[in-house]
């Protein structure tokens, strides 16, 4: 009897032991929240184009976060933003809130906040003057949307912490980026270039987060390509190609795991279908559908509450299940010289390729533009580059099997890059000491890039400058001889590091950080490293981690760069690329030895991470919130013509209209300024489908790639405004009866905010 019992319990004990071996010793948490800023009047961040002012929404922006923690030990928190870059001021204020809420659980040491580098988000949220000139100074609404949204994202991730595992996978993506400064890349040593097959990094690194109970709950990946598929003339808020990829992958997962609609990523356009899974199959009798649609005419604009916009969203947080919502983030890495405009750069007047060295057309930079794969349609280019990243991420996600095991750790310091001693090797052996410089931007900075050329007579590759612009520069600040010599061969256009009035024009103190999750380390860098600069940094850190006596890191060590993280300080090129003074070199603020300085600092941090020795915290960056100046005028009031109300139709769909897939359904409502209410976690635009004969269900909203909310005024100072909503009917849209709705908020002369809604006539999609 005793022997029989023993035989029964033996396999059970073995199963328990095996099961405990598979179970993770870590905790994971995932979160996501809306960070869409003002969709009107605010200059967009990225192209520095004064005429690029937000006038609607292509799709909403989000913050996405992951936490990985040891049950009784350390933890790391990474936040990815659908924003151009991180902001030192945003980081400071988020950390202050986390301090109040969680004590010392989340600090500057273990929190990384990174931007995807979309050039289609509202600006005005950085604290240094050079980055907020085109936005007419600081924009509090942009800033608050980010700080509030990041905080809510972190709260979600923290509240979702549960036992789970993290897996890593890597793979090549060949057709989502090209080098936009190949002449600078070619100045790197031939022996170094020969080690690499391509002149840009083609590798995507993906983390897969698996909850012990629920299974996969998220994925974050890093891949180098600029957020410049949307052009410098685009006026709609958009997450660009990386934001689009994130939307596609989250929809793919949700529909694959519980939705009743096809999740095949090879279906038309490669975009998952975005119709609520509760929508039934409707009667496909065309005549009956037309009669049904005719019974639903447009209704006058009506007062409503903000809650309706929130509750009617397809992805409403009010309708989420009891399991964690799947979150997918497409993060940025060393994208400095990588363009998503993969067809190359051409002259818009002649159609011939631009000059190789200077990216000009007959000497003019303004005519040289890169072409995306959907040229001339920037929305299509955004979709294609987003889809390519999405498909690769799905492939890596589905095959991820290498589990991250080992310590959770982090290390962080602040470094003053304006006057740093850097030890570099000398030719023929030995070392020498050089210095970094106070920040300065060269003449070629003003030339822009092939993704977004500048103006006037600037050009890339200019290492001389010209007399006229030197006179203009000297009105602001004349560089000292020491500064000019330090920055050589860069001719200084703006001596931003030495410009302090009315407050700092550029950063000098920068955060440098390493996050560790087992055999993977994330290098948080506050700028845009070029391809070769990123390769040198990764190699140096990996060597520091694996060459010592410690056996913590081996050949399977994964090193990834998280670009544009915690603050922003423009570009980092190699020394050789800097000599060419293309846009990236002219925007490398701290002189020709900037990359060597970063490598020196990161090697010290990597060594300290292994040995456990503490590092000095370094000098604190300034908090300049109280010094910010804003010249953006507030919304005074909104009005409609006599006899009309907010939400009334201005242009309705034609009666008895049938639309086909691929058609553009366009309606226009009398509206009000979107700055009155950002509709956070809500929607300005909504497409509904008829269920049965009287119930309308949400089908597409602000989160969908196919729906565009376009806001306009008849004149700049007018109190009247319109909301034009365009729905490009997806190839996967269900046949049926649809209508379009608009939600907004108006402001009276006394400052009262009132919410309204408008509804179009119904129409048929067949």
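Placed from the backbone N, Cα and C atoms, the Cβ positions cover glycine too.
The feature active site, nucleophile is assigned by TrEMBL to 339.
The Cβ of residue 117 (Zn(2+) binding site) has 27 neighbouring Cβ atoms from other residues within 10 Å, across all protein chains displayed. The Zn(2+) binding site annotation in TrEMBL covers 117, 226, 528, 571.
Under the heading domain 'Neutral/alkaline non-lysosomal ceramidase N-terminal', TrEMBL lists 27-600.
If you look up TrEMBL, you'll see 602-765 marked as domain 'Neutral/alkaline non-lysosomal ceramidase C-terminal'.
Taken from TrEMBL, the feature signal peptide covers 1-23.
Just so you know, the Cβ of residue 226 (Zn(2+) binding site) picks up 29 other Cβ atoms within 10 Å once every protein chain is counted. Residue 339 (active site, nucleophile): 25 other CB atoms within 10 A of its CB, across all protein chains. Annotation for the binding-site residues 528, 571: lowest Cβ count within 10 Å of the residue's own Cβ, 571.
Across the structure, residue 117 (Zn(2+) binding site) and residue 339 (active site, nucleophile) are spaced 12 Å apart at their Cα atoms.
Taking the centre of the Cβ atoms of 117, 226, 528, 571 as the Zn(2+) site, the nearby residues of that chain (Cβ within 8 Å, site residues left out) are 332, 335, 336, 338, 527, 563, 564. Counting in whole angstrom, residue 339 (active site, nucleophile) lies 13 from residue 528 (Zn(2+) binding site) by their C-alpha atoms.
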